[in-house]
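See below for the structure under consideration.
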Amino acid sequence: NRRVIPWSNQKQQILIHNIDCSRLAMDKHGFLYVSNWKKNEVKRWKIGEYNNEGIVVAGGNEKGNQLNQLNCPTFVFVDEDQSVYVSDCNNHRVMKWRKDAKEGIVMAGGDGKGGNLNQLFSPQGIFVDNLGQIYVADNGNHRIMRWCERKEEGVVVVGGNGKGNESNQLNSPTGLSFDDEGNLYVADWLNHRI
């Protein structure tokens, strides 16, 4: 329906309409971040101020592979400094946009679509820990990768043994998250399991 709606027991209100939303994230300052796969941008809104167009915080310069562009942004993660990490799906990379930046920084992938340790294939879910390590659901390579800042290659932490349903395999992972004890949870999409 191309809209964002908060869900509660009260009357529903459309917060943002006419948007091709892929994913959402919220930060501790009360901002809502929305990735728009069709406009190739991520916008930010202040909670309670939805009567405006929002502010572009990543992309917004048409579809492309330059540092100021995105190509089908999907998942979004926002860190403590309000830096926005974006799964730039069709550019096979994860980008970091510092607050008020005009262009992003390639943090993972960016060396074309592929299965080498310096490549991603349709990245989806992302998570950044307090050490700045980026965890990526590398959807097309059926693995979860960890990238340390300023490293040219990532490390496979789950999967990476081809597509499958064995205990050491994944099939198109899409989302991931950690609990307070550091346990990793993976949405193993086409295996229909966590």
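Quick reminder: no glycine exception, Cβ is built from N, Cα and C everywhere.
Bear in mind that the values here come from a model prediction, so they are computed numbers and not experimental data.
Across all of the repeat 'NHL' (62-100), the predicted model scores a mean pLDDT of 97. According to TrEMBL, the feature repeat 'NHL' maps to 62-100 (among others).
Residues annotated as repeat 'NHL' in TrEMBL: 113-144 (among others). Beyond the repeat 'NHL' (113-144), the same-chain residues lying 6 or more positions past its ends with a Cβ under 8 Å from any Cβ of the stretch are 74-77, 79, 85-90, 92-94, 107, 152-164, 169-178, 184, 186-187, 189.
The repeat 'NHL' annotation in TrEMBL covers 163-194 (among others).
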Same-chain residue ranges lying at least 6 outside the repeat 'NHL' (163-194) that approach it to Cβ under 8 Å: 75, 124-127, 129, 135, 137-140, 142-144, 157
